[in-house]
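Listed in TrEMBL:
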- 177, 196: FAD binding site (BINDING)
- 245, 305, 332: D-dopa binding site (BINDING)
- 12-339: domain 'FAD dependent oxidoreductase' (DOMAIN)
Ligand SMILES: Cc1cc2nc3c(=O)[nH]c(=O)nc-3n(C[C@H](O)[C@H](O)[C@H](O)COP(=O)(O)OP(=O)(O)OC[C@H]3O[C@@H](n4cnc5c(N)ncnc54)[C@H](O)[C@@H]3O)c2cc1C
């Protein structure tokens, strides 16, 4: 560690996705006198396939079932979203109900925690309610209503986080870094936080080949005259390639329709035929949307979730240049695990 005890610590955060921005704000809370610098190729406002955060749906619907660390990340974030949604409605996070429909038995759906065989967030989200048999769509095996979780307008939320960083005197530099060691931009740097997401696949000094993209495609459509009462999700399992979801974004952000989870697919182009399929599936799931041909498309999207074999890498590494705190590989949980 280069800095001495008499100096304020100096932290560099590499990456300005939801993970990098939340990390910078967390560091500011813990080390009020520190110097913090975010170095990133992309910042909120950018739309690029290398930058996952703007393409997310997004909502809080935990996919963790490890009865351990991953669940705890989501629990902490749920609490933080509660506070943000109450105290800062302008941040783009809102409480919302969610209907989950599964096409496999609950034991095979990946929603029960190891060891307890329960849905760990049952109480946290207001008590899950089984969906009545006559309300299940054809082919579905079971459904659960979550009375109270969160939906995020990602564009608004990323800008809100960025504004918080500015207010907290976090410095921002747009720069591509070839190796993680380059982020030690001066001998005073105490530690570098590596929040580069899928960038860690090719970032020198990291080159994590356990990383891979999980491609998602979405369609953003205009909200119908009657707002939806809830979000919808349908899938064989909580994490599955065939996933359909409908998220009504707060603050007039339209409705996000999705999607898919294509492991190992780096293609950043929109597939318009597949977009039609998404709209069809979403209208069948959420009849309030009306007919697919009547949907008014605002924009199509493709994002690559930063997935990693074995789960996210959250650990400290001591390098010759100094300490690197890795925090990447959030896959489809980067928002709900962000705090
Ligand atoms: C369709 C879709 C739906 C999703 N839905 C949800 C959801 O409902 N809930 C949820 O929690 N999550 C969801 N996600 C997942 C979520 O979007 C990601 O987990 C999250 O955005 C990852 O954030 P990140 O900060 O790790 O990475 P990114 O947002 O990709 O940010 C990486 C940052 O690192 C920078 N960077 C990388 N390499 C370098 C370099 N060499 N030099 C400088 N800078 C570099 C980039 O420029 C960028 O600033 C969804 C994702 C998709 C695609």
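Along the chain as shown, residues are numbered 1 onward.
Quick reminder: no glycine exception, Cβ is built from N, Cα and C everywhere.
Among the residues 245, 305, 332 said to bind D-dopa, no two Cα atoms are farther apart than 16 Å. On the 0 to 100 pLDDT scale, the model's mean across the domain 'FAD dependent oxidoreductase' (12-339) is 97. Across the fold, the C-alpha of residue 305 (D-dopa binding site) and the C-alpha of residue 196 (FAD binding site) stand 12 Å from each other. Ranking the binding-site residues 196, 245, 305, 332 by C-beta neighbours within 10 Å puts 196 at the top. Residue 196 (FAD binding site) and residue 245 (D-dopa binding site) have their C-alpha atoms 27 Å apart, to the nearest angstrom.
Residue environment of residue 177 (FAD binding site) contains 22 other Cβ atoms, counted within 10 Å of its Cβ in all protein chains. Neighbouring residues of the recorded D-dopa site, listed in sequence order and excluding 245, 305, 332, comprise 56, 57, 214, 216, 243, 258, 259, 261, 331 (Cβ within 8 Å of the Cβ centroid).
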